[in-house]
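Marked as compositional bias 'Basic and acidic residues' by Swiss-Prot: 164-176. Look at Swiss-Prot and you will find CYS26-CYS48, CYS30-CYS52, CYS33-CYS65 tagged as disulfide bond. Swiss-Prot lists SER252 with the feature phosphoserine, giving similarity to another entry as the kind of evidence. Swiss-Prot lists 163-184 with the feature region 'Disordered'. The feature signal peptide is assigned by Swiss-Prot to 1-24.
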Amino acid sequence: MARLLRLCTWLVALGPGLLATVQAECSQDCAACSYRLVRPGDLNFLACTLECEGQLPSLKIWETCKDLLQVSKQELPQEGASSLRESGKQDESHLLSKKYGGFMKRYGGFMKKVDELYPVEPEEEANGGEILTKRYGGFMKKDAEDGDALANSSDLLKELLGTGDDRDRENHHQEGGDSDEGVSKRYGGFMRGLKRSPQVEDEAKELQKRYGGFMRRVGRPEWWMDYQKRYGGFLKRFAEFLPSDEEGESYSKEVPEMEKRYGGFMRF
């Protein structure tokens, strides 16, 4: 009997609390159902709450609400994932705006659209070098492999132009035989025609030592030949009447006053 009395007292004490919690849960569920419906007025909130509490016979309002709540609970994980994605994107855009200032505000939408149109797969990110080689057909790889050949070809050009030393030339002839063959294969014999005879190279060496390569071009320029053809030796005959250095000295001694007066302007 004592146990029954204790149980009854506990039920009396906890009954109002349980009823309050049940009422609160029922009111929350009915409110959620009315919120989910397209027309909230179609659901009788009071009848739904009373049916949930068991105080009113079932009119299929609470059953409809339960079905709607189950469907909404199944959709909640997807909505939660989408909300997490949106929040992550917002945080990422916020960090980018902090890092790059107003640049991402102006061009961020464009870059985002490009990423959506042309997404990058993880395999492509991992194998970026292979994608570049596929896209450019091994062009960069070929340039990297031909770096030594280009260096050797530059040494060969220096040698042909006469800018290298004798020691460098000897070392190049000893060590760079393979590079010469590679250059000849690459340029199809074009560099072969630039080789000079020994006599011309000796003259070039002397000019190189004397003038530093500035006066390597020997002979009159083309414009002088055209000028000579145009005036037919007139300048040559005029040059005969001009006083030489010795005659100029005697002429200056004979007429010092004119020299002083006109400063050599009337010498001719």
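Just so it is clear, glycine is given a Cβ too, placed from its N, Cα and C backbone atoms.
Where Swiss-Prot records a feature, it is marked here on the structure.
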residue	record	contacts (Cβ under 8 Å, 6+ apart)
CYS26	disulfide bond	CYS48, THR49, CYS52, GLU53
CYS30	disulfide bond	LEU43, PHE45, CYS48, THR49, CYS52, CYS65
CYS33	disulfide bond	LEU43, CYS48, THR64, CYS65, LEU68, LEU69
Discussion item. Let me make sure I understand the structure: which of the disulfide-bonded residues listed (CYS48, CYS52) has the fewest other Cβ atoms within 10 A of its Cβ?
Written reply: CYS52
